[in-house]
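Look at TrEMBL and you will find 12-34, 54-76, 96-121, 145-165, 177-197, 218-237, 257-274, 286-307 tagged as transmembrane segment.
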Amino acid sequence: MTSPFHFPSLVWDWPIAIDLFLVSVSAGLVALAVMARGWRGERAEASAVMRATLWLAPLTVMLGLLMLALHLARPWMFWKVSLHYNLSSVLSVRVLLFQLYLPLLLLWLALWFTPSLIGLLQRRQPSALRLAAPLMRLQGLRRPLSIILLILALLLGIYNGLLLSALKSYPMLNSPLLPALFLCAALSCGVAVALLASLWLHGDDVAQEQARLRRIEAPLGGVLLALLLLFVLGLAQGDAAKQRALATLLDGGFWSWWLWLGVVGIGIILPLLLRLVTRGSLRLRILLGSGITLCGLLLLHLFILYAGQLTVV
């Protein structure tokens with residue numbers, strides 16, 4: 001028995017889609033956090049982007065890695081993938097990127113939040129202040145680490161698309177646009193999560209940061225929509241296998257509705273239209289717009305994975 005979520009050619013199912021989405025959130029937040037450092041200078045740790053990055057960027061990437069490990073036929077053997085690299089395997093390279101990204105991210109966050117850590121220790125446990133001494137000596141690494149981490153975050157966002165585009169037997173996934181599409185989706189995830197985080201903070205600085213994020217939000221939505229349309233046009237210009245893949249997007253079936261109504265209509269166009277509304281609470285507009293955007297981006301990840309595996313060469 002087949003269904004939109006169960007069919008013979010399906011290899012990677014929803015846990016991989018959730019993994020890709022969670023990694024997109026982490027990569028997008030970190031890329032924005034590096035820019036927030038530029039916005040705030042030495043006070044970057046006070047920003048909504050940085051606070052969201054502190055709690056969510058490590059957590060989401062670790063959860064994504066867990067989803068990936070549990071999806072393996074023998075998850076208890078995942079450690080072998082982590083120690084024995086095969087650079088010809090896109091999955092092995094992705095795990096290597098994770099292993100570079102996560103410890104550097106934790107160190108970078110610790111360095112930027114050292115003043116907050118010292119303040120906390122002074123209030124709660126003055127005798128433990130010596131634990132912050134190594135972090136104080138490493139403060140000069142903050143800026144070079146920012147550059148390295150930005151590169152790794154962008155690579156992770158791009159690599160989500162490369163991971164899928166390497167599946168040559170699936171014509172829809174075998175597209176050069178997927179890396180750019182996933183990178184744009186990652187940045188959109190980061191903006192949406194940062195805007196939601198800003199709702200729990202107050203002050204003039206937060207309001208300025210919200211304004212900057214909202215200026216980024218609409219162009220990213222427009223670029224994402226353009227990339228999706230180019231992705232569809234690329235299928236239309238492709239060979240017979242890509243033409244068959246295109247039919248699943250235009251035949252009025254389940255995944256056709258999922259794409260045009262769910263991803264494009266609700267996930268991209270509706271948040272752009274909500275930006276035109278100037279009446280009412282700004283908090284409510286941000287909550288609705290960013291919440292809908294995140295839902296749309298999750299739908300996009302599920303769509304690419306499932307619809308992409310419907311058609312085989």
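For all residues, glycine too, the Cβ spot is worked out from N, Cα and C.
What TrEMBL says about a protein is an automatic prediction, not a curated fact.
Since the structure is predicted, the reported quantities are computational estimates derived from the model, not experimental observations.
Contact between the transmembrane segment (12-34) and the transmembrane segment (257-274) does not hold: fewer than three of their C-beta pairs are under 8 Å, each pair 6 or more apart in sequence. Within the chain, the transmembrane segment (286-307) has long-range Cβ neighbours (under 8 A, six or more residues past its boundaries) at 4-5, 10, 12-14, 16-18, 20-21, 24, 164, 172-173, 178, 181, 185, 188-189, 191-193, 195-196, 198-199, 210, 214, 217, 221, 248-249, 255, 258-259, 262-263, 266-268, 270-271, 274-275.
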